[in-house]
Every structure is written in C-alpha cells, then in structure tokens.
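Colleague: Have a look at this one.
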Amino acid sequence: MIELKTASEVDACEAAGKIVADVLTAVRAEVAPGVTTGELDALAADLITGAGARPSFLGYHPSWAPVPYPGVICASINDAVVHGIPGRERLRSGDVLSVDLAVHLDGWCADAAFSTLVGGTGDPRDAAMIETAERALAAGVAAAVAGARLGDIAHAIGTVARAGGYGLLDDHGGHGVGRFMHESPSVANEGRPGRGLPLRPGLVIALEPMLQAGGADTYRHDRDGWTIRTSDGSRAAHAEHTIAITEGGPRVLTAGRPTS
Ligand code: MF3
Ligand code: CO
C-alpha cells in the first residue's frame, strides 16, 4: 500500500531530514586520512541523540540480513557500494567514502547519503563518478513532478548513469519513506518513461543512485552479511535524498546534505 502524506506529515519528514543533513555535514567535516569509520559513527550517534532523534539503521533487521544492522551510519569505502558497517577501518587519502544516514524524529523518517574523496583529492575518475551520481540524483529529483510517473524518475536517473558508462545495482534502488525507513513504492534506478505509479502530491520517496565504475550491475555481499561490494572490485559512489512530490514541484526534505 502506498500512503500519501499530509502537508504536516511532509513537514515532519523534513524536520527529520534537517537533522540528517546537519549530521551528515558534521560527519563530512571529520572525514580525513587516519580517521576510522567507527569514529564517524560515534560522532553521528552523539549528534542524533543530542537532537532528540533516533538513528533508523541501528538494529534494523530485514529478513535477508543475518544480523541486525550494528551501526548508526553506513560507511562504504571504495568497492563497497552501500551498507558498509562502521568500525576500525582507517580512511586513506584518495579513498571513495559513501556515508548514508536515516533518522526518525517524532515518528517520522528521512534518509540521505553522499560520497566524497578522502583528503579532497584522488583519482579524477573517482571524482567524475561522484559527480555523476549527484547529477543522476538531481535528474531524478527534477523528474519528480506531480502528473509524471515513477518510471520517469527511474529513466532520468538511469540515463545519466548509463551515459557515463557506469553500472547500477541489480534489484537495488530508492524507496518510499515516512513512518518507516522503507515503505512502498520501490524506486528503480533505471526504467521506462511514462510507466509505473503516477506521482501524486504527498508521495515521499528516497532516490538513491548507486554507481559502479566497472560498468557491471552485479554485486556480492561481504562476509559481514551487510556490506555490498562490486563483484569486479571496481569503486562505487552513492548519492541519496528524501523528497516529497508537491503541487509546486519536487521538495527536497534532506536539503543541505553534503554533495561531495
Ligand atoms: N539508506 C539505506 C537504504 O535505503 C539504508 C541502509 S539499510 C541499514 O537502503 F540497515 F543500514 F539500515
Ligand atoms: Co535509502
């Protein structure tokens, strides 16, 4: 079932989204060579608690996962695409780091992610991939207008990603957001324009292109049961916003999140 949100419910998701954006911005400021992903996780945990919110990932246990998710953020490095578990791993200059975060505030959720080059420099191909993930996300947001369809968003995202030669991720994409972090509908990162669910005001969805440098769409799960890695070892980038469809056009509920 797809639950359209009232104006005040969209506002509530946006209040959660403001915390997500602020915490990601603070995490971004601490990203540097030598820092561990566990330290970034601890920082996020403190800030979320201080803001009166709850980290949505911590303890999340979908049926396919062997254990509940143990982190507050996902921190995915290099060939890790998404769902990297924070821990003792130290960031190195030139790593591609993706940080994903969702929080619940007063019962309502928002979800966002960014990717960046650790130390601010690295392989220009990695910088181009991060920039393309952002452009794919922006294209998806621009297509999220009332009267269009879910396939228009998927098509917009996929077209930008494929034009750069990037792989996507089989069976992974965005999702409805609201009372729960994952709600209907699923939002594919590739699709046919003019097809699928009509976009109506009050629909709140997370758009999240996940790009693979190697061009393949296949992936593998790490032994930790969570981390999703490219099957060819190539690097990956992830960008995500939670948005609402409104009469006045797409409204980004996690505005202010870092973009690189
Ligand atoms: N933003 C991620 C997604 O929508 C959430 C990660 S799942 C978790 O897939 F377990 F880490 F919470
Ligand atoms: Co998401």
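Glycine residues also receive a Cβ, built from the backbone N, Cα and C atoms like all the rest.
Reproduced below are the annotations present in TrEMBL:
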type: BINDING; residues: His83, His182; note: substrate binding site
type: BINDING; residues: Asp100, Asp111, Glu240; note: divalent metal cation 1 binding site
type: BINDING; residues: Asp111, His175, Glu208, Glu240; note: divalent metal cation 2 binding site
type: DOMAIN; residues: 13-247; note: domain 'Peptidase M24'
Colleague: Any idea what the Cα distance is from Glu208 (divalent metal cation 2 binding site) over to Glu240 (divalent metal cation 1 binding site), rounded to a whole Å?
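Modeller: If we compare the Cα positions of Glu208 (divalent metal cation 2 binding site) and Glu240 (divalent metal cation 1 binding site), the gap is 4 Å.
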Colleague: According to DSSP, folded down to helix, strand and coil, what is Glu208 (divalent metal cation 2 binding site)?
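Modeller: Glu208 (divalent metal cation 2 binding site) sits in coil per DSSP, no helix or strand.
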Colleague: Relative to the Cα of Asp100 (divalent metal cation 1 binding site), which of the binding-site residues His83, His175, His182 have a Cα no more than 10 Å away?
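Modeller: Near Asp100 (divalent metal cation 1 binding site) by Cα: His83.
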Colleague: Is it possible to get the count of other C-beta atoms within 10 angstroms of the C-beta of Asp111 (divalent metal cation 1 binding site)?
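Modeller: Excluding its own Cβ, Asp111 (divalent metal cation 1 binding site) sees 28 Cβ atoms within 10 Å.
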Colleague: Where does the mean pLDDT land for the domain 'Peptidase M24' (13-247)?
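Modeller: Mean pLDDT, the domain 'Peptidase M24' (13-247): 98.
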Colleague: List those of the binding-site residues His83, Asp100, Asp111, His182, Glu208 whose Cβ lies under 6 Å from any atom of ligand 2, in sequence order, or write none if there are none.
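Modeller: Asp111, Glu208, in sequence order.
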Colleague: Provide, as an integer number of angstrom, the distance between the C-alpha atoms of His175 (divalent metal cation 2 binding site) and His182 (substrate binding site).
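Modeller: So the alpha carbons of His175 (divalent metal cation 2 binding site) and His182 (substrate binding site) sit roughly 6 Å from each other.
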Colleague: Within the same chain, and leaving aside Asp111, His175, Glu208, Glu240, name every residue whose CB is within 8 angstroms of the centroid of the CB atoms belonging to the recorded divalent metal cation 2 site, in sequence order.
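Modeller: Surrounding the site, in chain order, are Asp100, Ala102, Ala112, Ala113, Gly174, Val177, Ala206, Leu207, His241, Thr242.
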